Amino acid sequence: MSQTPAVSRRLLLGSAAATGALATGIGSAAPVAAAEQAPRRRPGQKSMIGVPFAAHPTVRVAVIGLGNRGGGMITGWAAVPGCTVTAVCDIRADRAERAADRLESKGNPRPAEYGGSADSYARMLRRDDIDLVYIATPWEFHYEHGRAALLSGRHAVVELPVATELRQLWDLVDTSERTRRHLLLSENCNYGRNELAMLKAAHDGLFGDLTNGHGGYLHDLRELLFSDTYYTDSWRRLWHTRSTASFYPMHGLAPIAAAMDVNRGDRMTTLRATTTAPKGLADYRARFVPRDHPSWKETYINGDLVTCMIETAKGRTVRAEHDVSSPRPYSRINTLAGSRGIVEDYAGSAPTGARIYVEPDHGGHTWRDFETYRKEYDHWLWQKVGDDAANNGGHGGMDYVLQWRTVQLMRAGLVPDIDVYDSAAWCSPVPLSVTSLARGGRPVEIPDFTRGAWRERRPGLDSAPTDMPPAG
């Protein structure tokens, strides 16, 4: 498992073409067909929409990838009632040992350890005490590891993005359908307290008919990108040398898509991408990185701010932004608007960090704090496990809420909140932004990963209150 990004030829060619296309301006407004059309289902292959998990008395989790993200999530999995971590794996065997030590020191059973080679995860997947595989490796390995988990008969929770190519996204959909196992994007931001309250308010009609949303991942990662220890072998920085794309738009896009019932009555139809020049990383390097650092051999080609404008079948728009190269405070933007009002997150010093303006409650063109509405629309998950989340999870507790809910779904035998079709759709801007940028920002079609089932209204993150099953 090399730590060098295995960027495809398509991504590289797309980046090269983008340079020339952007110089000549945007072409025809007619959307360009996606490179891979919806493949036909094989005989016997069926949709996974509405398919519940088989009930599990205990959920046994194996973890692939024990760097910053995976290593930080293992204790959260172990803290969920009825969940145990049975095996851990990393190409660096010392990480597996440290992860096992950490779990054991907290009173958990010591998990089996795997590591030392690129195929260590395959050996781990031959165990018979795994129900769910959590994958937190570098982006370029997510598809390989997620697919292997499904083929081994396990469900998979995969960090962002689940894949970086359109054909890989389709293959994960098809593999999930053939194996009858679920693959879920580990989109913790969908379980944020503000995001879930926003979703409930939208579904209650507070904002009227929804018209547009704006989300992003705006996070100054420059210091971490140039760190010699944070991202193993600098894998994340190297993506900026090999492709021009919106690498990580899901944190901002997914909560907006969920509030708009994408794949549950609406769907994303077209995407057009724009990018700024790549300035931030080179400027940071010039000011703060010694001349003998390996990064001085690199040329950064990904724009600092990559913006995707997405249209839906119902005529809504979503703007999804990605910028990890600029000096700025953290923001996911998280803004949703409709015919009767708007909520805007990351917008001031109010306790919730969000502000709202809705008719007929407000007037005078004056924002109000979101706090009253968050209390009214507080999701049952936060009411039930919010205190535990504060003690066991990162990112304000939403990591643990995601973990708790995933385990609950599996133990109770319920339908997942986020399915493989959501996961594929929310991650599709990664490859589609490459295509759009390579064609001068022209719109490209977004595939319908549900193969027509998006018109069916069905529950998602707006779930009914449910108790965690008692211990067996």
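Cβ atoms here come from the backbone N, Cα and C positions, even for glycine.
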Completion exercise
For the NAD(+) site that Swiss-Prot gives as ASN68, ARG69, ASP90, TRP139, GLU140, PHE141, HIS142, HIS145, GLU159, LEU160, TYR248, the extra residue out of ASN188, ASN194, ASN212 is ASN188
Handout entry: Matching residue for the substrate site, where Swiss-Prot names TYR217, TYR248, PRO249, MET250, HIS251, TYR330 - out of ARG236, ARG237, ARG264, ARG316
Key = ARG236
Handout entry: Distance, PRO249 (substrate binding site) to GLU159 (NAD(+) binding site) (CA atoms, angstrom)
Key = 13
Fill in the blank from the handout: Comparing the Cα of GLU140 (NAD(+) binding site) with the Cα atoms of the binding-site residues TYR217, TYR248, MET250, the shortest distance belongs to TYR248
Practice task
Would you measure the largest Cα separation among ASN68, ARG69, ASP90, TRP139, GLU140, PHE141, HIS142, HIS145, GLU159, LEU160, ASN188, TYR248 for the NAD(+) site and round it to whole Å?
Solution key: 23
Handout entry: Among TYR217, TYR330, which are binding-site residues, the residue with the most C-beta atoms within 10 angstroms of its C-beta
Key = TYR217
Handout entry: Winner by Cβ contact number (other Cβ atoms within 10 Å) across the binding-site residues GLU140, GLU159
Key = GLU159
Handout entry: Nonlocal neighbours by CB distance (under 8 Å) for ARG236 (substrate binding site), same chain, sequence gap 6 or more
Key = PRO138, TRP139, LEU221, LEU225
Practice task
Measuring C-alpha to C-alpha, could you say which of the binding-site residues TYR217, HIS251, TYR330 are within 10 Å of ASN188 (NAD(+) binding site)?
Solution key: HIS251
Handout entry: Pairwise C-alpha maximum, in angstrom, for the residues (TYR217, ARG236, TYR248, PRO249, MET250, HIS251, TYR330) that bind substrate according to the record
Key = 18
